[in-house]
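All remarks here apply to the structure that follows.
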């Protein structure tokens, strides 16, 4: 049954790719906190099947809460190998980049990006120019941002080079860590404006940060547009908290975002899952934007 499900996924992706021959598709970028994404999670075939379906939606996906202390990166290697096996012959192949374990306490997690190295059956490709963990000399962050520069090759997209900053902010330090975005961005840009998106589980809502402090942070980084609003619900909680966010700075990057594409992806509705089944994957939902 598990193998049959993967065949169905593969056929779905192949059929979806046929439209790419006619017109270059939009670039879909997302962020997803896959709760405790480790051995226990991938030990259940149904979980792997669902995660792969979610991943296949994105050209680039920033991931938080990978739990992998090995140098072999067994978690993402296992999951992406399963996906790529089903994509053999389609012109689509996924790759990933990942940090080592990050965290100032005994709790540690990895950040990662998965991306369509060959994005479709046309010629467009995604290239990782460089990637690194932010050098947090002031020791502000429990888990410093994972910064990656991407270049889109052989494409007609309106933006072909941009930087993503992926992180999971500690609930008790939301104000200090989000306020420090100003320093992170300014040091990275070094006086030259770049196309930057900050994304991840920022815990930027509800009991973790007041409305007054949210406004203060927005003033500190006033050059950024927030694409997931305070009234969004990005977790399975009924409280409607917008913990997961996407922020973009430059006018060029903002102009490239497809209007209305900034959403929370409630995958359980799309994939015919119960809320209980969705909770097996994460207590969060992906947030996303499209670029044209």
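Don't overthink the numbers, they just go from 1 along the chain as shown.
For all residues, glycine too, the Cβ spot is worked out from N, Cα and C.
TrEMBL annotations: computationally assigned, not manually curated.
Proximity of residue 109 (active site) to non-local residues of its own chain (separation of 6 or more, Cβ distance below 8 Å) is seen for 64, 65, 66, 67, 101, 102, 103, 143, 168, given in sequence order. Annotation source TrEMBL lists active site at 109 (among others).
The active site annotation in TrEMBL covers 168 (among others).
Sequence-distant neighbours of residue 241 (disulfide bond): residues of the same chain at least 6 apart with a C-beta under 8 Å from its C-beta are 205, 206, 233, 234, 235. Sequence annotations record features per position, and here TrEMBL assigns disulfide bond to 206-241.
Annotated domain 'Endonuclease/exonuclease/phosphatase' per TrEMBL: 30-284, in sequence order.
The signal peptide feature in TrEMBL is assigned to 1-19.
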